[in-house]
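Over in TrEMBL, the protein carries these features:
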BINDING   SER33, HIS64, ARG84, PHE85, HIS86, ALA116, SER215  phosphate binding site
BINDING   GLU196, ASN238  purine D-ribonucleoside binding site
DOMAIN    27-272  domain 'Nucleoside phosphorylase'
Amino acid sequence: MNSKLDFEFYKKSADYILSKIEFVPEIAIVLGSCLGNLSEEIENKIIIDYKDIPNFLDATVDSHAGKLILGDLSGKKVVCMSGRFHYYEGYDFEELTIPMRVMHLLGCKMVILTNAAGAVNESFVAGDIMIIKDQIKLNGASPVRGKNIPEFGPRFFDMSNTYDKEYIEVAKKAAKISEIDIKEGVYFYMPGPQFETPAEIRAIRALGGDAVGMSTVTEAIVAAHCGMKVLGLSLMSNMAAGILDVPLTTEEVDETAERSEKKFRVLLKNILKQI
Ligand code: HPA
């Protein structure tokens with residue numbers, strides 16, 4: 001348990017970032033491997049390396065960049081996290097509170113969480129985009145366990161509207177405008193870094209999961225705790241283990257992500273326009 005994580009700890013990160021910008025970002029966007037290049041389109045941008053932000057975490061996964069990009073996108077003031085943090089990298093769940101709490105202290109009222117995930121629902125195909133309507137996290141501790149910090153939110157809090165229904169409708173409308181056939185479903189968290197076994201995927205399906213991935217859920221919990229609205233979008237980078245008779249590889253995940261990046265980008269920009 002990391003007792004250093006008090007309100008002032010997070011505030012130090014936020015104050016540093018605020019000292020570098022002259023606007024309040026409205027929307028935080030966490031770029032998963034499916035949206036790596038989106039930040040190129042941000043205008044009037046200010047880039048801050050994670051490693052320069054006091055008390056922030058530093059990204060350890062190669063393909064993720066480790067930068068905060070702040071500026072304008074589709075007429076909105078945004079802060080993009082290019083590079084996110086996962087439990088499998090060795091962080092405690094408690095440390096994974098840092099990004100969302102800092103985004104909240106910057107003034108963000110909403111976060112768009114994106115990720116690449118394995119398709120568990122057999123009616124999905126690789127390359128599909130799924131709007132997350134709910135999540136299941138049965139593995140590991142809550143990121144907000146330990147002494148509650150009331151400046152962020154109450155000890156016990158509701159998770160029944162975590163993926164905001166209004167934003168789900170906005171995303172569906174944006175998908176229509178973008179001429180994208182959009183899916184909707186439940187994101188099931190697995191800690192990784194190993195991909196799942198076929199038996200685990202059958203269990204996840206029986207429990208109600210439509211997609212499986214190693215990120216997003218802690219961010220959604222922390223955002224819900226501090227009252228930020230959440231929209232979640234998953235790119236189906238592969239069919240989950242055991243559905244097809246082929247082993248899963250990172251190459252396949254990255255390839256599909258790359259192939260679908262443009263579609264994802266168009267959708268995201270249309271979502272921002274509708275908000
Ligand atoms: N399982 C877990 N995480 C993932 C997968 C998967 O099949 N694909 C992309 N991220």
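Using N, Cα and C of the backbone, Cβ positions are placed for all residues, glycine too.
Feature map: annotations from TrEMBL on the structure.
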{"residue": "GLU196", "record": "purine D-ribonucleoside binding site", "Cβ contacts under 8 Å, 6 or more apart": "GLY118, MET190, ILE204, VAL212, ALA240, ALA241"}
{"residue": "SER215", "record": "phosphate binding site", "Cβ contacts under 8 Å, 6 or more apart": "GLY32, ARG84, HIS86, LEU113, ASN115"}
{"residue": "ASN238", "record": "purine D-ribonucleoside binding site", "Cβ contacts under 8 Å, 6 or more apart": "GLY118, ALA119, ALA126, LEU248, GLU252, VAL253, THR256"}
Contacting binding-site residues for ligand 1, chosen from SER33, ARG84, HIS86, ASN238 when the Cβ sits under 6 angstroms of any of its atoms: ASN238
Other CB atoms, at most 10 A from the CB of ARG84 (phosphate binding site): 24
Fewest other C-beta atoms within 10 angstroms, as judged across PHE85, HIS86, which are the binding-site residues: HIS86
SER33 (phosphate binding site): tally of other CB atoms within 10 A of its CB: 22
